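K.L.:
Annotated compositional bias 'Low complexity' per TrEMBL: A:336-365, in sequence order. Feature annotation from TrEMBL assigns compositional bias 'Polar residues' to A:366-375. Sequence annotations record features per position, and here TrEMBL assigns region 'Disordered' to A:332-375. Annotation source TrEMBL lists transmembrane segment at A:24-45, A:57-76, A:83-100, A:106-126, A:133-150, A:170-195, A:224-244, A:256-274.
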Amino acid sequence: MSSPSAPAARPVARRRRRRLDSSLIVGIALIAVIVIGAILVASVGRNFFSAGNIRDILTGMSVLGFVAIGQTLVILCASLDLSVPYVVSLSSLIAADLMAGDPANIPVAVLAVLATAAVIGLANGLIVTKLKVNGFIATLGTGLIIKGYLDSNYKGTSGQVPWEFQLIGATGVGPVPISTILMLVVALAGAFFLARTRTGNHMFAVGGNEQVARLSGIRTARPIIIAHVLCSITAALAGLLLASRLGVGSPTVGTQGGYDLLSIAAVVLGGTLLMGGRGSIWGTVGGVAIFAVVDNVMSVMQVNPFLKDVVRGIVIVAAVAVYTSRQLDRRRPRFGPGSAASAPPTSPGAGEPSAPAAPAGSAASDTTGRSEANA
Amino acid sequence: MSAQQQAADASGAPLAEREPVLVADGLEKSFFGVTVLHGVGLTLRPGEVHGLVGENGAGKSTFMKILAGVHERDAGTITLGGRDVRFTHPVEAAHAGLATVFQEFNLLPERTVAQNVFLGREPKRRGLVDRRSMERETRDLLAELGIDGIEPDALVRTLTVAEQQIVEIVKALSVDARVIQMDEPTAALADHEVELLYAIVRRLAERGVAILYVSHRLKEIFDLCDTITVLKDGALVSTGPAAELDTDELVRRMVGRPISAYFPDAEEGTRIGEPRLVLRGAGNAYVDGVDLELRAGEIVGVAGLQGSGRTELLEAVFGITPFTRGEMRLDGRAVRMMSARQAVKAGVALITEDRKAQGLALNQSVADNALLVIRSVFARRTREVRQELPGVLTSLEVSSQGGDQEVQYLSGGNQQKVVLAKWLAAKPGVVLLDEPTRGIDVGAKVAVYRLMRRLAKEGVAMLMISSELPEVIGMSDRIVVMHDGRASAELPARSDEATILSAATGTLRVGDLRVDPARNDGEEAR
């Protein structure tokens, strides 16, 4: 029973806790929502799991899914992107205008849309990192600029999307729409990017603690800029999808969807920390799915549209309340239930009857105190 | 040079004959015209554990930060492995083989151990981060240190402070460092964890790594170090083998003056009166079985290691984490302190440990800060206190450009005086002070001590936490020592450092001390 061996017993408990923390809660919540939804839908004599209904839910997921995937990256870096609805609208217009009803124009139009979005994202990232403007304000600003451009140049829908491109939004494999598959492929790519590339890893670092990241030799601006670029690009993908569904470009399609706040809500609902440094793409996809299921159940039940927003609001607040309550265990109790004092004695020389495992309790105050003493 | 070769060197020749791995010479540094290092230098040899000691403000941290590349030197040379070096970033120094374990943790709590160890230099395979090799190498490094309880894929958030400290050291090791600097590595550790750190440091030294070890705990310095360098006021006092020094001599060199000159005596007419704060078997989740009597006019020092429950005790008295057991009396009346607001109303003040995070609104003015308690709790007295404020600030010798200046632009000492002004306005009967002189200069320290003496004369009872034993000894009428969440001993005034330390580390076996035996029995029964 020597002191170094004392921690050896803990990893098992640790693993369990870690898995419980992340996407699992979102998964459980999603299943719960589906079960409750299915029961409610059944109570009015309809089948929640009918192919048609599943297609509706998945269709409802895809546009918000694209936006929220990009938003996840930005929020992981402890920034925000409020310009997404305007990027969505602008993208639908550029796509529809350039395609002008001719399938031969599709590649050029798509490339132009993605390039425009990348430039907007680059601008967002540079403003945040180089001008040190808070992401909230920076993207509010660029969003307003795009809005001004849209308002003064477009009075209504514009352009024409060829039939071939409209197929993307209209067809599917069985009950699964192509658009949802595309969204999941992007999600997979995003998750892979976060887990397996240095830039992805560094996004967690700059979002978690920029000072630590910098002291570890990370160029802290890069992950943030790349996150903003990718976020604008996924918003552009959402715009392309909407253009495909509508057949035209629309200057208001993004704002009508409320993709700025809804995407942030979905990200947070998916367990990503709004202050950055922790989260996952799959959590976000789960968050988007929860929204889609709740929306679907409410429309099947023909719930009053105002009540819909009330329910959405409750879902968001409740979810975040659950997450924060899980983060409040800032120190480990030394005495009483759950305390470390019940562990076997570990102090070899002192012969004291008890030597609690660690002063983990003082971690928070210690680190702040120490950094101050250092300043 | 590989680690094996170094180890061969280290075991071969006696320390003094080994080729130095790092030579710093004549380092100078000024900040804003104030010279904080006057030509300091030292030599590190492979396998050497070199203690760097000195009071707060002696220049230890600045010296380390220059070596690490955090600060640039104004003058002097640094030779690492025979080559002149000038680092501009800690990462650059680490790649050259000089790693630093800073006082504050540089870890990401939400990332795994392996991800933290390789942060910024993740190993790549076919362009992608190679998690497996990252975790394997982390496991190997941990094994080299003899640690088997930390999983490379565990989130750092789930580790204890000691385990996090180990991760910091592994991070330093992962660059194959020949020199590792450690700034107060035991500051956050419990005593049995300190042993673990000792073992790691010794193992590193055996492998030929040179270690520069900064600590305030002199016992550690003597336990671990081969050589000791003493700094005082930014200048080198002495460098020499640890065997040629003892604690008294070391303290004399560090302080350079007798302690008594530093701490003012009690003011004439100070009278120890009725008990103002009484605790009987008080406890909550963080402290247990605390018996304490604090009388009017009395200053009781609270000693103990970090993490021993000192701050938690004050927070319980102040109602932040209320006592759930036992009894608490204030001026003879039993109270259940359930919130800070209640405590303030009852005449209790808490000078927090971290004045920047918990004591001050940094971007607000001196006046706004000084009036904070009054405005929020005793709003009716705001006008009166505001009128008195200039006088109060003058009497506390706050040097600011008036009450409108933002406190963030004040020195640490002046900031602390603003904190004190804020609480004195509430005319408290019990003042809890948590590290009241941390990070402030000597002049401001003496001002704080004088203020405490004046309050004592006015009948205020004070409970003062301090990690600096001379301060505890110099100011206290009695000394309570905390250990593992309990008041392990109560010592008379002017107890010596060794007695306090042994009580704080739980090794006290002296007959004249009040160690509660019933408590220990209860523990065994459980």
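Keep in mind that glycine also has a Cβ here, set from the backbone N, Cα and C atoms.
All TrEMBL annotations are machine predictions without curation.
Tell me about the surroundings of these features in the structure.
P.N.:
Cβ atoms under 8 Å from those of the transmembrane segment (A:24-45) belong to residues 53, 269-271, 282-283, 286-287, 289-290, 293-294, 296-297, 300-301, 319, 322-323 of the same chain, restricted to positions at least 6 beyond its ends.
Residues 84, 88, 135, 175-177, 179-180, 182-184, 186-187, 190, 194, 203-204, 207, 226-228, 230-235, 237-238, 241-242, 257, 259, 262-264, 266-268, 270, 272-274, 276-281, 283-285, 287-289, 291-293, 295-296 of the same chain lie 6 or more positions beyond the ends of the transmembrane segment (A:57-76) yet place their CB under 8 Å from a CB of it.
Here the transmembrane segment (A:83-100) has Cβ contacts under 8 Å with residues 67, 70-71, 106, 108-110, 112-113, 116-117, 120, 124, 139-140, 142-143, 146-147, 149-150, 154, 157-162, 165, 231-232, 235-236, 238-240, 242-243, 246-255, 257-260, 263 of the same chain, all six or more residues outside its ends.
Counting same-chain residues at least six beyond the ends of the transmembrane segment (A:170-195), those with a Cβ under 8 angstroms from any Cβ of the stretch are 51-52, 54-55, 58-59, 61-63, 65-66, 69, 72-73, 76, 201, 203-204, 230, 234, 237, 241, 244-245, 280-282, 284-285.
When Cβ-Cβ distances below 8 Å are used as the criterion, the transmembrane segment (A:224-244) is approached by residues 62-64, 66-67, 69-71, 73-74, 76-77, 79, 81, 83-85, 87-93, 95-96, 110, 113-114, 116-118, 120-122, 124-126, 128-129, 139, 159, 161, 165-170, 179, 182, 186, 190, 199, 203, 206, 250, 253-254, 257, 259 of the same chain, each at least six residues removed from its ends.
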